[in-house]
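> Quick one: the structure is below, and I'll ask about it shortly.
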């Protein structure tokens with residue numbers, strides 16, 4: 001039995017699972033997102049280069065990926081510290097920081113935030129989507145990639161002794177690339193050896209989550225300790241969602257607070273609003289999947305922070321939970337979604 005067995009590994013070390021409390025399972029606290037920059041049309045280039053101020057906030061909120069400063073979340077450490085204190089004051093206990101290699105993971109900043117706020121922070125090992133893979137990453141074998149993932153959990157990430165507590169978010173594109181397929185196989189191999197939690201970022205196709213689970217299963221992964229992120233923008237059809245839920249992984253609705261007319265990263269996708277997300281969560285509960293649901297905001301741009309008029313990390317606790325109660329999701333079920341399910345997922349086998 002591993003020394004990690006029965007524990008959760010945070011950036012400050014091992015903790016008892018019961019200490020976590022209400023947990024957001026997919027957030028970012030320090031990252032850059034230049035890989036998803038969308039150049040604006042020529043007529044909007046000037047506004048895209050302006051600093052974030054009240055008069056252009058509406059444009060940036062509607063074109064989040066066309067404003068380069070907006071993609072530099074790593075510049076807002078002090079604001080994020082204040083938000084984490086607010087999150088804790090509103091009943092929050094822990095969050096999983098999903099930044100991996102390719103989007104500027106910074107475990108030292110995560111450690112400092114955990115020390116200064118008292119919020120349990122779990123860091124992710126792994127690689128983001130193919131567009132961020134280095135030539136070195138592409139050249140690695142599955143065995144070499146497995147070693148990298150395991151090293152992040154057993155010894156430390158980013159050249160530090162600060163250890164990751166999950167593998168992910170593992171980035172997948174659509175269609176899946178060969179490099180991403182190798183990373184998925186390595187993820188399964190590392191999970192099989194460590195008994196660790198895994199979290200996946202699927203490509204923007206309803207077929208992507210099914211393909212990813214199949215690849216993980218064939219490589220020996222434990223699907224019961226695997227999270228499929230971003231289902232709110234990936235599987236929109238009810239029947240297809242319930243078909244996916246049968247596969248046994250965690251279904252994560254992690255874009256709470258994101259309400260867009262036009263989704264730049266997937267123009268064919270009509271991004272649901274929070275009321276639609278709540279209805280999908282309620283559907284999964286009604287169909288018997290309350291033990292397999294997780295929620296979060298996936299904050300990864302500046303304008304989603306309270307400092308810039310955004311909803312912040314406390315939106316689910318302060319706004320979404322009351323609406324869920326109003327829509328018939330019970331306190332007992334909400335405790336499962338926010339406390340028990342994250343605890344079960346994050347605990348090493």
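Each residue's number is its place along the chain shown, starting with 1.
Glycine too: its Cβ is placed from the backbone N, Cα and C atoms.
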> Which of 143, 169, 286, 287 shares the divalent metal cation 2 site with 201, 230 per Swiss-Prot?
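That divalent metal cation 2 site, as Swiss-Prot gives it, pairs 201, 230 with 169.
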> Excluding 26, 28, 169, 298 themselves, which residues in that chain have a Cβ inside 8 Å of the centre of the Cβ atoms defining the divalent metal cation 1 site?
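Other same-chain residues near the divalent metal cation 1 site: 27, 96, 97, 98, 99, 201, 229, 254, 296, 299, 300.
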> How long is the line from the C-alpha of residue 169 (divalent metal cation 1 binding site) to the C-alpha of residue 201 (divalent metal cation 2 binding site), rounded to the nearest angstrom?
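Spelling it out, the Cα of residue 169 (divalent metal cation 1 binding site) and the Cα of residue 201 (divalent metal cation 2 binding site) are 6 Å apart.
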> If I take the alpha carbons of residue 201 (divalent metal cation 2 binding site) and residue 26 (divalent metal cation 1 binding site), what is the distance between them in whole Å?
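So the alpha carbons of residue 201 (divalent metal cation 2 binding site) and residue 26 (divalent metal cation 1 binding site) sit roughly 10 Å from each other.
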> What is the one among the binding-site residues 201, 230 whose Cβ has the most other Cβ atoms less than or equal to 10 Å away?
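That would be 201, with the highest Cβ count within 10 Å.
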